[in-house]
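The next block holds one structure in the form of structure tokens; read it before the comments.
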């Protein structure tokens, strides 16, 4: 056939093959398959299509015990019920979903992305409860059979070698009522045809390549394996589909290489995407094909060149697979199972005669498997197929699973038998992973009985762990993962396995298997599972360790940590499931597992050998530590100097085992001869061994404290990224919480004093809690932060009881939701980001959410519905919940205090901690840690040190409030948990100066700097007095009402201060001596004269990169994003709808528009009539031709040093070079970057300019100012330089403010004078981005500008960047605001900072153009602006302003004034406002004259106090043009004065709003908001704020009248220019 068809596969060829297959399949029995008297199928038709078309649709017969088995097609809806399904893989088709009751269940649906999945209805193993589908009723015998099967497998002895089930082992489906009598000849014919067809497919695939790589030369091509007996020199080139390239890339590639038209290339590309590959060309010119293929492969597109004979046979094989799929959808008479049984029988049978093929190396694939069946070959050859046949085969396999349980086991056994080779091809070879046969595992591994069978009989879990070990230790040879692996191989995170993204589904397979109940029984009862898993976890221990960069920044930041965290996320989820399996174990089995894991931890971390990686596992050394009066032997490790890893998989596994506190009860352990968990752990390990195990999580906690404190800033972004992931809500429960629980467990295994001192040692705070307030490493800001972090961990491990009591999942979910919503209402999406992933996925999550929260519906389409915590749920809120950050804790504490105030009426209520309930398990003794003297010493010195420093410095030290909150909470907890013993300790144990904690608390109670703690300390002392009344009475000072309280406090303060100052002087003297020893090498000449204290620089926060202060000592800027925009609109002419929209707009845009609470739909008839009468509703979009193009700037509010920004930008470029194939979030050519903190997109850095405190507004009255300006101009000389920098058209614009100015020189080419803030460098980022956008958008701009290459070409930055951005901010603020405020009060400080930064850039451009002048050109620019506004003073100019002023946007001139002469903003404001009025008049006449058909909204004349006589003003503006004067008369007659007044109001109000924003940004103190009430319209308030005389007062403003009545070229307009002006008016 290939030769006769000239190797071209056509639809006719497909039809011929199908016809031959069907004829051979049914022989003379076609009538049993085909309806009516047909003896053959129609051309191109398939059997299932014909049977479906001729069979009336009716409900399927009810057969108890038969599953649905519906195979989902691509695009079909799949339903999932979380309440009913066993796991997320169990789904329903639409018919079965509608036939079952899921009322009040958590139901979701999704669209199938590809075919192959099947409906699980009728499968009793897929559901938690019977779902009672009326189409697929259950069968009682099925459950009994499955229970017996599971018991049999559990009790059976595992085989040494796995035995797969062959076809003879699988009986036909029993008790199927729709059987038909099949003639033996037909059964034989069907079996032989299917067998021959399968063998043909396999014979063809024997010669197919595993990888889609082109041959290097003709010799390679001709030496390829081929099934062509003639070896004809006819070759074909095939392009393969992948998930890397876009349609456009492939289309363009095909157009360039094959000379196809774009339409032909598009059609070919669609076939590649649909089928998975396509033949591009067939010819005998092999050299040309090889050259074409190598060109294609250079862009990493899969391409092969092979003999056309072999390619043709592969196309035939694809048709055969399609035919097999059709048989699975067909029936024989009424029997829908027989055809699938035939296919299953032949697939499970051995392949015939494959060993005769000398060109095929069979041992390469199945050498370790005896007598492989056809399905084994098909599984392994799956990767040689392409998309369409792959999906068809997966459908075939899925259809076989629904035949019977035996068929399911048979397919699963064969899949498990070759699973390790399937993983090979998936991880290392397969180009199109999404259609890999590996994903078929999901349909097998999630079935409990199947999972049990293959784990028991085929040892799949152990094999999977071996694959993971071999893969991540890079034991890969010839695209094969070595199996079994070398257990001593080491891990390297820079190798290919960690960079691969395909390993996650392999971990998922392991998790699916281990999640099944029967497999969990195996894990719990068979020690080899925990042993092998511990060995696997061992290789990931302490991977990717970090070391603090103390002196200089790291030179190169790798992103290998991302890959490591991806592996960690996958492994930790398996750890979670593995640990949960031991809930089914006995006490003895759990103790053995704990011992095993501890043994593996110690083997990898404590046992020294030559191959040990000392960065991951440094030698375990111990040192003596004296704290208090006791000596402790602790692990010697310095977190600031050693390597610390975030990843301790074995400790996480140990934590999971320790959570089974119900099994580790005293009663259970007593039967084993053990008294407690302490005996379990110390039975085979010493206390030093336990300290070693605990120390690794403790190092991580100390490291993250140092990172959060700012001690690791020189490690760059990588270390902060790791911290964010480690504590992120997705990984938190799997990593961070586990480390905390290990530390908590140590409190009951070891002496609590030893554990707490070990924590102090690791946090390097032993000296601080011994009285020293200076630290050799931690600076003044670092030390209190480290103390705060330590206390946070102490509170957590002493109070957190979820894991320690094995809290039921519903209660745990309730607790998480309550604490998440206590911070404030939030949407469901935000809530899921505050709660652990496992809890969100639990079936009870939404039910619990409804119990504790109320849902508040959205108020509008732009709003979102939020959940609010019910009031009674606040009783369960703990402000010191361990998932709270410091800010959230303070917010929650404020909420709780306010709530208590309302309830109790007390001004300062005390939030009393609730008792920590640790029940009766092994953790019941944890509260005895409150009796620890070490903890008491921490409480004492924590408060004492702050009091001493406060009295010595006169102010509280940094973070003192947070530390005192924690310390007071700790003391209150101790009083709640151990009141009697703790009271005794407080009163008798003395520390500094023979003082005890009671003394300190008594002083603290009345300290004038800490009055906020008075009531809490009062409660503590009152509780102590219940147990130690005499001691409290002796020390506590009671206030005498007859004595002046102020005098009493003053005396007490003096006494206390004197004592503490003496104490602190002694401490400082000792510490200075110590510091002198450490720093005696410092030169004496480094001492500076500090007699004059320099002014402390103003701080703007911290750099988000280096965490150092942002001040004027080092250049820094705001991260910003410049982007093209069409947000602003122009008023369309001739469209009355938009005129009515302006007429109906409220007078004040800075007030919230009241909308009806409920909107009826459909609206009532009366409302429809009103809407029609107004004609204000339209469903058309706003005309795009009337939008205005410009540059919009935005900031993310984060700032960084310019130096850090340069380094960060370099790291981005380096990442792009290192990962060339990655789809990066930013574009280097567009100068883009991602903000390291908030992930916002940016492309520039703006200088940060503070509002000038020295610049004052010119206070001269307008008349005197104009006179003074005129005199100044008359005295000035002509300035040729200034004239040369202005546009030639006489507009008064300046060429250096154009985005494409050819004379602009970047800093690297023309460094200017020294500048602390290095504005020129930041300006470079703005000009580069603006120039790029300007060059690409010339066709989108209406403004007349010089040709490219001339000076002044491109976007005009004052108008199209600064003005456009301020206008956009103004638009965004419409409809927002509050009483007593103007729009200037609504704009955020970040936006003001951005505006000032943009204006500073304009100022810098002026300075660069006048860099030889002392004033940097400010006077010259000032005169130029005045001449533009008052053209009569331009007689000293070399050129006149031929361009009318009204053709320019007045707001742009105001922006220019802010950049060079902010002191005359007020006077320029008046002139530009009246220019805006005049422009608006001309524009309205033009627009309204064209609006003939209208339904105008009736209005009342309301603003005479603002505009006066509107008609007179209109006519005075347009009287110079007879045409416009006549049009004005027509407009007034048509619209009326009241409507025109409202339009003048609405079209000039935006100017005032924008001017208010600009003036407030530049000189905030000069433009305060006036006191106002809601009865004053916004227009009046803004005129008052800006001190602009309203138009109605114009008759009283003689000088202003004179300025406005000048008939110079600045105001007069030609008719054509008037039209240009009219169409430029914006809303």
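Yeah, the Cβs are placed from backbone N, Cα and C, and that goes for glycine too.
It is 1334-1354, from the ranges 1334-1354, 1355-1375, 1376-1396, 1397-1417, that TrEMBL records as region 'Disordered'. TrEMBL tags one of the stretches 963-985, 986-1008, 1009-1031, 1032-1054 as region 'Disordered', and that stretch is 1032-1054. Cross-referencing 180-206, 207-233, 234-260, 261-287 with TrEMBL places the feature region 'Disordered' at 207-233. Computed over the zinc finger (66-138), the whole-number mean pLDDT of the model equals 90. Counting residues of the zinc finger (66-138) by DSSP class, helix then strand then coil, yields 8 helix, 15 strand, 50 coil. According to DSSP, the secondary structure content of the region 'Disordered' (1334-1354) in residues is 6 helix, 0 strand, 15 coil.
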